[in-house]
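Structure first, commentary second.
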Amino acid sequence: TRKQPNCNVYRSHLFFCTRQMDPICGTNGKSYANPCIFCSEKGLRNQKFDFGHWGHCREYTSARS
């Protein structure tokens, strides 16, 4: 299994990310296109979320109406 991304690698160029697709799901339930974008959102915006797993987040819909 892959380790979570090392956000220190992206510190010098936050928000100057490529369009490479390597999706990450954050613990906030939001999908990020790649580790650079994930780290940028987490670092610069001081958000309270962490790495969830590699791949897109699954959207859960409630069966209740």
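Using the three backbone atoms N, Cα and C, a Cβ is placed for every residue, glycine included.
The annotation disulfide bond is assigned in Swiss-Prot to Cys7-Cys39 (among others) on the grounds of experimental evidence. In this view, Cys7 (disulfide bond) is surrounded by 16 other Cβ atoms within 10 Å of its Cβ, with every protein chain counted.
Per Swiss-Prot, the feature disulfide bond maps to Cys17-Cys36 (among others); the stated evidence is experimental evidence.
Around Cys25 (disulfide bond), taking its Cβ as the centre, 18 other Cβ atoms fall within 10 Å, counting all chains. Under the heading disulfide bond, Swiss-Prot lists Cys25-Cys57 (among others).
Mapped onto DSSP helix, strand and coil, the domain 'Kazal-like' (1-59) counts 17 helix, 9 strand, 33 coil. Look at Swiss-Prot and you will find 1-59 tagged as domain 'Kazal-like'.
Cβ neighbour count for Ser12 (O-linked glycosylation site): 7 (other Cβ atoms within 10 Å of its Cβ, all protein chains included). Per Swiss-Prot, the feature O-linked glycosylation site maps to Ser12 (among others); the stated evidence is experimental evidence.
The O-linked glycosylation site annotation in Swiss-Prot covers Ser62 (among others), and the record cites experimental evidence as its basis.
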**OP:** Would you count the other C-beta atoms found within 10 angstroms of the C-beta of Cys36 (disulfide bond) for me?
**Re:** 22
